[in-house]
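Participant: As annotated by TrEMBL, active site, electrophile applies to 94. Per TrEMBL, the feature active site, proton acceptor maps to 166. According to TrEMBL, the substrate binding site annotation covers 9, 10, 11, 172, 212, 233, 234.
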Ligand code: PEP
């Protein structure tokens, strides 16, 4: 079912002490009703974070996982390992994973399959680069990412899929898509899903916007019809700005 979600992607930030400081402050906050709050700390702090917020309405999310169930994959983390420390949601396909770690749509489709097989929820990121937008290829790129990464799924799988639209040119750059650009792409994503599956599935999938969301631009972006919340990088590292964003729904 479509939900309002604010998810913080901490990336490779916050060691144990910084994570603990954040959690102490977070647990003093009133979480706005009807908003699902999520945080994605580093692998090393997932267990501690999960234990710490177990009695609070906060979902702890992994930033990545490997596509194989187990085996000789030095340095990697499996779905079962995440689940064994209480983690049931994973971000897949973040643009940094796609560009720096060469994760392509085929690999991401495998990761999605493994996550769903392990009964996890996936926050699946899609987003075009600036050159795609400048050459008017942004819709094509997004539909390819959706088709190749997700459209092999069955209808029932979709209850465990959240989409994050994150234009690469807006991530960590301070530049954000205008509310109109965000709405246009979110509506396109919903229509693409409706055409591939059904209106019901498209209507029920939560689509988050990501890319330099801050306390002062969140409410305009979140007020768009097809924007169900945000995937927040930099501004999620500070409890005050993260909570301002969580309170930005009208
Ligand atoms: C992100 O990395 O998912 C992101 C949206 O980062 P930022 O908010 O810092 O642009």
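Every residue, even glycine, has its Cβ placed from backbone N, Cα and C.
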Participant: Specify the count of other C-beta atoms within 10 Å of the C-beta of residue 10 (substrate binding site).
Facilitator: 22
Participant: Among 9, 10, 11, 172, 212, 233, 234, recorded substrate binders, what is the largest CA to CA distance in Å?
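Facilitator: That value is 14 Å for the farthest Cα pair.
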Participant: Among 9, 10, 172, 212, 233, 234, please name the binding-site residues whose Cβ is nearer than 6 Å to ligand 1.
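Facilitator: From 9, 10, 172, 212, 233, 234, counting a Cβ under 6 Å from ligand 1 as near, the near ones are 9, 172, 212, 233, 234.
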Participant: Restricting to the same chain and to sequence separations of six or more, state which residues have a Cβ under 8 Å from that of residue 94 (active site, electrophile).
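Facilitator: Spatial neighbours, sequence-distant, of residue 94 (active site, electrophile): 9, 63, 64, 125, 166.
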Participant: Name them in sequence order: residues not among 9, 10, 11, 172, 212, 233, 234 whose Cβ is within 8 Å of the mean position of the Cβ atoms defining the substrate site.
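Facilitator: These residues sit around the substrate site: 13, 171, 232, 235, 236, 237.
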Participant: Taking the Cβ of residue 172 (substrate binding site) as centre, how many other Cβ atoms lie within 10 Å?
Facilitator: 13
Participant: Mind checking which of 11, 233 has the fewest other CB atoms within 10 A of its CB? They're the binding-site residues.
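Facilitator: Taking 11, 233 as the binding-site residues, the minimal 10 Å Cβ count falls on 11.
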Participant: Using a 10 angstroms cut-off on Cβ to Cβ distances, just flag whichever of 9, 212 is the loneliest among these binding-site residues.
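Facilitator: Taking 9, 212 as the binding-site residues, the minimal 10 Å Cβ count falls on 212.
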Participant: For residue 234 (substrate binding site), which DSSP three-state class applies?
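Facilitator: The residue in question, residue 234 (substrate binding site), is helix (DSSP, three-state).
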